[in-house]
Amino acid sequence: MMGVTDEEISHRIREIQDYRLTHGMLLKEFDFGSHIPSRLNQLWHRISKKPTTPCTCQVPETSLPWTTRPLAVSILPTQFPKHLFKQAQELQPLFDELYLRVASDHEWLRQVLSPLIEHDPLVASLWKIYEQVRSAGSKQDVVCGIFRSDYLIDSHDSTLKQVEMNVFSASGFSHAQNVANMHQHVQRTCGSSADLPKNENVDGIADMLAEANSIYCHQLVSTRNEEATPSTEAPQIPHPKTCILMIVQPTNFNIADERPIEHALWSRNIPCYRCEWQNALSHTRLDDDTKTLLFHPPNKQPPLQVSVIYYRAGYQPHEYLHITSGMDSRLRLELSRAIKCPDIATHLTTCKTVQQALTKEGVVEKFLSRSSSFDNDSASTKEIAALKSTFVEMLSFDSPSSKNDWMNIISDPTRVKDYILKANGDGGGHNVYGEAIPAYLKGSIEEEWKKFVLMRRIESPRDAEGMLLLADDSVFKGDVVSELGMAGTCIWRRGKGGVEVLSNRCVGWTLKTKPSGVEGMMVVKGVGAMDCPNLI
């Protein structure tokens with residue numbers, strides 16, 4: 001296959017197996033016991049049956065035995081067009097800026113999300129918190145984000161088409177960097193010469209979080225200096241002791257994707273602590289006057305000011321609806337003066353309804369034509385056109401014309417197979433495909449359909465060859481489909497005069513590959529493998 005001998009394949013598999021083991025390319029599996037369904041069983045139930053089935057398991061992690069299984073990875077880097085990879089890199093800062101500006105437009109967000117608020121419990125919960133924060137007045141005008149735009153190649157014209165934009169608790173970055181380094185190593189041992197791009201996801205993310213921490217510390221010192229009594233010799237204000245707080249899910253199987261970012265921050269002498277979602281209230285304290293958020297580290301250390309809140313939890317309905325403290329926890333975090341990564345307004349833009357609304361005529365121009373990142377009007381027009389070229393048809397169920405379009409599609413078996421029904425939630429496993437859509441929708445009243453969007457299926461080329469080493473060490477060899485993600489980091493400031501972008505970079509990438517014909521792409525949940533592009 002691909003001019004590679006069986007002997008080389010065997011060598012690669014041995015190298016990959018040991019590399020995975022020695023570099024923490026693992027998933028953590030907890031044993032909940034026979035009376036509690038395993039996390040993977042719950043996830044599989046959500047994938048295969050109801051997209052919105054909640055996972056309510058909140059067993060203390062320290063009381064559970066656990067084991068590991070290896071991350072599924074590619075044996076050979078999968079070929080990917082170099083010009084499309086470069087295009088995705090160039091588009092990432094543009095998509096970052098589009099979404100951060102959308103998150104700063106209250107009226108537009110309200111209009112787009114209002115049909116959802118009545119019917120989608122998660123969106124309703126987030127919007128309630130958003131309104132409470134807006135009413136109270138924000139104590140922090142700086143926001144940061146770690147975004148990932150995912151693409152498939154469209155076989156009709158061999159162009160990039162956007163699958164989705166991930167702006168909240170985006171993941172896979174550490175795994176992707178490990179797989180890139182793994183293939184670089186294996187290539188050296190084999191003497192091959194594929195064009196494998198570098199991947200510096202972890203350092204790029206840690207650098208941005210460190211920059212946000214520095215901004216917070218500078219704000220704090222400036223405030224103290226302003227409040228100090230004037231004197232001929234102004235005293236030096238000591239640098240505040242701060243930490244970055246990573247809000248995480250309990251019993252998290254994907255910890256190997258989170259910990260490297262935490263470790264990278266500690267290596268920069270920036271404390272980073274993990275706090276499980278259900279413990280956010282008990283482990284933090286909010287000063288009523290200054291809105292300073294204090295975190296109580298383990299081992300009875302003195303409390304630290306939280307400079308940045310990095311969310312790796314808070315995207316599932318059960319975290320707000322089935323955990324008593326969920327709503328109060330998120331509200332406390334959002335009311336604080338800590339810089340959020342990202343804030344509640346940006347979280348709301350992750351809804352698929354927002355992605356659909358951005359495909360409408362003139363909307364992208366509304367947000368980006370005024371952007372200072374463009375040198376002139378002709379450049380902005382060209383770049384906006386490039387961004388919009390990645391859009392595919394998406395239909396909401398919020399107007400008479402769109403409802404008519406929906407009915408025409410779902411009532412026609414030859415048309416409905418070309419569409420995917422997408423819920424607004426994050427976390428994977430929320431899609432219904434093709435001919436299964438009509439039966440699924442029959443289980444709910446039409447008003448509930450507003451929770452979904454219909455998206456035209458992106459038909460990827462079926463002739464790409466790949467070889468995958470799955471979690472059970474079985475080998476898949478055959479036609480594959482790859483999904484490219486670009487990692488972007490950004491920091492921005494909101495003010496009366498608008499939005500000021502302080503930094504905006506494409507810092508790396510992810511590539512996930514699955515056997516052709518398999519629906520969805522969720523590597524950590526057993527569908528597909530982490531991969532590295534061989535640029536051609």
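Heads up, the Cβ atoms here are built off N, Cα and C, so glycines get one too.
What TrEMBL says about a protein is an automatic prediction, not a curated fact.
Taking all protein chains in view, 20 other C-beta atoms sit within 10 angstroms of the C-beta of Ile458 (ATP binding site). Here TrEMBL flags Lys352, 422-431, Tyr433, 455-458, Glu483, Lys514 as ATP binding site.
Sequence annotations record features per position, and here TrEMBL assigns domain 'Glutathione synthase substrate-binding' to 242-348. On the 0 to 100 pLDDT scale, the domain 'Glutathione synthase substrate-binding' (242-348) averages 96 in the predicted structure.
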Lys352 (ATP binding site), Cβ-centred 10 Å count of other Cβ atoms over all protein chains shown, is 24
Look up Lys352 (ATP binding site) in the DSSP assignment and report helix, strand or coil.
helix
Let me know how many other Cβ atoms fall within 10 Å of the Cβ of Met455 (ATP binding site).
21
Measuring CB to CB from Asn424 (ATP binding site), give everything in the same chain under 8 Å that is also at least six residues away in sequence.
Leu116, Asp120, Leu122, Val123, Cys351, Lys352, Thr353, Lys451, Phe452, Val453
